[in-house]
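Asks: Sharing a structure with you now.
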Number of protein chains: 2
Amino acid sequence: MQATSYLPFCLILLVVLVLFPCSRYPLTTQQYVGCSLTTPWCGSWNRKYSILETQNPKSIAHSAETTHHPLDPLSIQEINKVRAVLSSYGPFSSSFPAIHSLSLDEPEKSVVLGWKKGDPLPPRKAFVIALLNGKTQVLLVDLDSSRVTSHSTHQGSGYPTLSMDDIQVALRVPLSDPEFNKSIMARGVKLSDLACISPSSGWFGPDEEGRRIIKIQCGSIQDTANFYMRPIEGLTVTVDIDRKEVVRISDTGREIPVPKGTNTDYRYTAQDRPPEMEPINPISMEQPKGPSFRVEDGHIVKWANWEFHLKADQRTGMIISQAKVRDSETGELRSVMYKGFASEMFVPYMDPDEAWYFKSYMDAGEFGLGLTALALVPLNDCPRNSYYMDGVFVASDGKPFIQSNMICVFERYTGDVGWRHSETFLPGFNIREARPKVTLVARIAASVGNYDYIFDWEFQTDGLIRVKVGLSGMLMVKGTPLENIHQAPNQDDMSGTLVSENVIGVVHDHFITFHLDLDVDNTDNSFVKVNLVKEETLPGQSPRKSYLKAKRNVAATESDAKIKLKLYDPSEFHVINPSKRSRLGNSAGYKIVPSGTAASLLDLQDPPQLRSAFTNNQIWVTPYNRTEQWAGGLFVYQSKGEDTLAVWSDRNRPIENRDIVLWYTLGFHHIPCQEDFPIMPTVSSSFDLKPVNFFERNPVLRAAPNFEKDLPVCRPTASS
Amino acid sequence: MQATSYLPFCLILLVVLVLFPCSRYPLTTQQYVGCSLTTPWCGSWNRKYSILETQNPKSIAHSAETTHHPLDPLSIQEINKVRAVLSSYGPFSSSFPAIHSLSLDEPEKSVVLGWKKGDPLPPRKAFVIALLNGKTQVLLVDLDSSRVTSHSTHQGSGYPTLSMDDIQVALRVPLSDPEFNKSIMARGVKLSDLACISPSSGWFGPDEEGRRIIKIQCGSIQDTANFYMRPIEGLTVTVDIDRKEVVRISDTGREIPVPKGTNTDYRYTAQDRPPEMEPINPISMEQPKGPSFRVEDGHIVKWANWEFHLKADQRTGMIISQAKVRDSETGELRSVMYKGFASEMFVPYMDPDEAWYFKSYMDAGEFGLGLTALALVPLNDCPRNSYYMDGVFVASDGKPFIQSNMICVFERYTGDVGWRHSETFLPGFNIREARPKVTLVARIAASVGNYDYIFDWEFQTDGLIRVKVGLSGMLMVKGTPLENIHQAPNQDDMSGTLVSENVIGVVHDHFITFHLDLDVDNTDNSFVKVNLVKEETLPGQSPRKSYLKAKRNVAATESDAKIKLKLYDPSEFHVINPSKRSRLGNSAGYKIVPSGTAASLLDLQDPPQLRSAFTNNQIWVTPYNRTEQWAGGLFVYQSKGEDTLAVWSDRNRPIENRDIVLWYTLGFHHIPCQEDFPIMPTVSSSFDLKPVNFFERNPVLRAAPNFEKDLPVCRPTASS
């Protein structure tokens, strides 16, 4: 959920005060947009800053940063240089375009793979997406020559990721509309208590084409910071973003009361008493000798037997590149994954009503998982001893800004067991062997409006990578006259669950599609479906009637690798290197291991499903193609679905023994319940990338156990 | 896997040395059976005791223990009393039977529910299963009156759980068989290097009925403690346990070499070098003020908002009873689950060969998950600050013995987030709220022969219970002439993966079926399937073509609650209390949330599947019936499947608004890989029991965040 953005009363005051300037894009704070904390008239209502803010680690000085690796994101200097190039670029000389994306154009894979530390960096280039006069401009800027080397205008459907300026502009538009103001007041909401969100419009046919439109819906912040739970139901303003005008107002819910604010504020300072439970003593993951990982040159994470490049990204949040693991026998660093990231999301709501049908968010491409990943809260989002990494992003004016502390990296010990064995029945051998499991986690938390998505990439010493997505934050709720479900004629007719008086938590799904460019021991790999098939024995062959047999099927083309998971037709899914055999002749491989997940059940021809056709299967495999990064297309906003993974894959290209990309979609169905109100306990699921005949044997066989003598000596602090 | 038990060379020496007596069943060590550590001729080969043993917490004195709660297990005094009663019981006066189970006969549920602390304990009774002259005896002994109050002889198929004496006897039988000895020597294995396992026989037709039989297979311990990886393939001795005689010897694999011992020993002391990775600094979960839970009266665990009764059990390992959670609004303790435990397991191997077809273990009922759950290894199986609980079990002579440190309870902080939200676009409100997740775990690790099963019950403050099963230990492997898969005519014809030279890891499944007697706010509950169904919109109704709707179906009878999970026909599965409504009218409920799992694909008429028909569905619901505890039947060994959950459920009893039991099967398919050799990194999966409209709102809304000032101050120890 989604994709929403909030214009609080502060912005309304903005209008009232004739655009008194708020300081924007400061280079040293984590806030992208908004009133500065020192602007006195901002947040006059009960503004209790989170006390957790005081615990933020110090920011790093980025202005002097240089780049060290071909995949390092653009530095502040590089961004400024690109901006200068664009400013003096002929076609933009009369009018500087709105920048929607300005980021590293990653060098060709072969160039990156050929580069070694100490080599000069390959030519640095910027990939720029900008809007000028309603047209999407796509440019390449060469930083060495300071020239625009390529420039085209996008012709198909879809627009770039919304900028904060787009949202600010859109949120202001309804305020000048008398009909809108009248409706707000008619519902008993003071304009100074208004807070609005900007759901994306989706795409629902020809009359929405040719211009950028967005929906505006509002709630009340009276008595709460959680206006998400106080929706003004049924009032939807469709706004033309570029013309800054109201296209249409739909006002259907005047009879629906605005839910009360009681018990909706989730901030610690707003609580009047502790929870009904015995207090929990302090517990902490302690590393008195410090964590075992290091981050070299700003982006290379080295830990135990792993090395990878980690960077923040405005669109996808976090990118893992060139993940390599050390061979347990030879000590050689071996390639596992060239690039892994959350490529797109799809979050359809299950309500066809006028104010709800369009809610079918694609958060990565529409709003940006990095742009919405604010500073993590130390000790609470991430444990002690975490390392925090900033993002250097670009605003619509082309200027860089810092998204501080948006990634944390930490070493984790959960009390889980790496491997173990006790000898039950073997006297003479008193064997009790167990090894603790310690892992390394890289995390972001994207707050896309109401919802919070926690993305974890967890690396294990046994070679496994677990990718986990946690959902928290607020439900997207619907106002209703109901205060008790007994007032409903038919509970099954509700689009969700009554989670508080006058508040329905609407049923919805979440799908997160990951781009997993595995390169197992090199680029040329194959995808093998290892199907477990029931075999019947022949008469007289065995007292057993049946058994399972593993049958290997190498996928020749893309159509062989479109996978819908089936409990009663199970398979393992391996990405192998057919040229790399173990001493026993098994191909070195990694398998993708799904865990709990969900599939999209929407009609394949439903516009949201057409646009998100990348969720039509749980697994896809495509040949590597530099431009196929975004499962929903490069230009997702209002797209019609011509540039999705499903479309690319329909070409049915060969995928055997070549550079391939694995795509996996992690899904959640969410039927809300009262426990999700007013803020949801985290729900999470994950999938694993797991070595399969990649190592000659258990790579952590020789790992040492924990000994008491090595563990820290701790005492409570004076205050605790 | 399984179910195997090991007669090492020590026992062979036993035979040679004319049964020199080993000390058995000592009350103060965790070893059930075997040579005492001071018997000098035991383990003369390279006996390196695990250095981890020295870290064991001190044992508790049990001899003076008294019982405090109706569900407390029998104390040592009570067991001794029952033994005395049985000794003087008429039918046993001439011959004391072999005791296979002697445990508390839990009082009627209504009695337990009516009992309050301070009340006298309800009458204490023992439930005894014994074998006398090949017949299974079932007795009830009343401890107050010191009388046998009930005694019957079991008539159907199936035998009680094997005793250690059974296994010892069976393992000795082949040694006196010249054909067996000749075959061992013909394969180049010295008799002094022999170690044998005792796979259960299963049931495969009439010629196996009427007597207790078991299979004996052996390996070599030359050059390794890991004889599991050195199988003597194809040599299977079928033994009549009670007659102590060889029934049949099958010797088909003389051409198959015994795999080498190189690189198979997993013990820390057997390693010659560290793993190929940078060392990991000490990391530890620290609680300088101590853990927040307490264990009252030996078995009542109280932590945060949870209370439950926890005990060890010889058959199932660990039983959680009367789990209650505190209401977040009223502070009232509310019932969630009357009883939860692993009821049965099913582990079929996928090889129809003579030496493999019977391998279809049912470990709980055949071998006992408690009996095989040895002492946990502190700091490695469980973190610092764990509380260790012993089991008081009964040997076949009716005497009590202590299974020490077999359960650990610990508080856990993993760095995960309980809930969070950052305001992305709301300037003026600088909101960054996050709460750490702290949980409580109860754990055992059952080493059923080669395989280790780690069972976790994890309690969260948000009301969720996660039940997790981890698999580690050794594969059950098959000897093969192959040293490289290129020597195989067809890789798909192998029954598994070549995991080392001459070693095939055979494909197998694991199914663990949990008995979950949920009592949501009281005993009378209903099972509701909340099905997500695709609805199509009417023409003109909405720009959307489709959406999902949650449709509630209350199960009337057992047949409505036989569930096969389907990705494309998704449902939630709620156990609700129809009489307990929230203020909004929602029924208080808990839902079971599956995660990654697997289904059995065997032919329904295959003997192993008949016996394990409880795996035919992933979910079942039965009306509460005191005798329906064991999904595979009370007498599983050699059973024909007449007493399974599937049979009970076929009566199709009403289950609406009454006391019901939920059954869930967690499954794993396991296609081995080289990383599983010589010991498997833990693989785990889980399911959740999660409140759904049970609380009026998020029960951890008011929880406090972590503050730096409350966390401990730690330093490394001098040695680290």
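Cβ from N, Cα, C; glycine included.
Annotated active site, proton acceptor per TrEMBL: A:ASP363, in sequence order. Sequence annotations record features per position, and here TrEMBL assigns active site, schiff-base intermediate with substrate to A:TYR451. Summarising the annotation, TrEMBL assigns domain 'Copper amine oxidase N2-terminal' to A:69-152. Annotation source TrEMBL lists domain 'Copper amine oxidase N3-terminal' at A:161-259. Positions annotated as domain 'Copper amine oxidase catalytic' by TrEMBL: A:284-701. According to TrEMBL, the 2',4',5'-topaquinone annotation covers A:TYR451. Annotation source TrEMBL lists signal peptide at A:1-24.
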Asks: Among all the protein chains here, how many other CB atoms are within 10 A of the CB of A:ASP363 (active site, proton acceptor)?
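Replies: 30, counting other Cβ atoms within 10 Å of A:ASP363 (active site, proton acceptor).
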Asks: Summarise the domain 'Copper amine oxidase N3-terminal' (A:161-259) by DSSP state, stating how many residues are helix, strand and coil.
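Replies: With helix first, then strand, then coil, the domain 'Copper amine oxidase N3-terminal' (A:161-259) has 31 helix, 27 strand, 41 coil.
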Asks: Name the secondary structure element type, per DSSP in three states, that contains A:TYR451 (active site, schiff-base intermediate with substrate).
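Replies: Note: A:TYR451 (active site, schiff-base intermediate with substrate) is in a strand by DSSP.
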Asks: Can you count helix, strand and coil residues in the domain 'Copper amine oxidase N2-terminal' (A:69-152) using DSSP?
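Replies: With helix first, then strand, then coil, the domain 'Copper amine oxidase N2-terminal' (A:69-152) has 21 helix, 31 strand, 32 coil.
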Asks: Measure from the CA atom of A:ASP363 (active site, proton acceptor) to the CA atom of the residue listed as 'active site, schiff-base intermediate with substrate' and give the result in Å, rounded to a whole number.
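Replies: Rounded to the nearest whole number, the Cα-Cα distance is 11 Å.
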Asks: In three-state terms from DSSP, label the residue listed as 'active site, proton acceptor' for me.
Replies: helix
Asks: What number of additional C-beta atoms lies within 10 angstroms of the C-beta atom of the residue listed as 'active site, schiff-base intermediate with substrate'?
Replies: 28
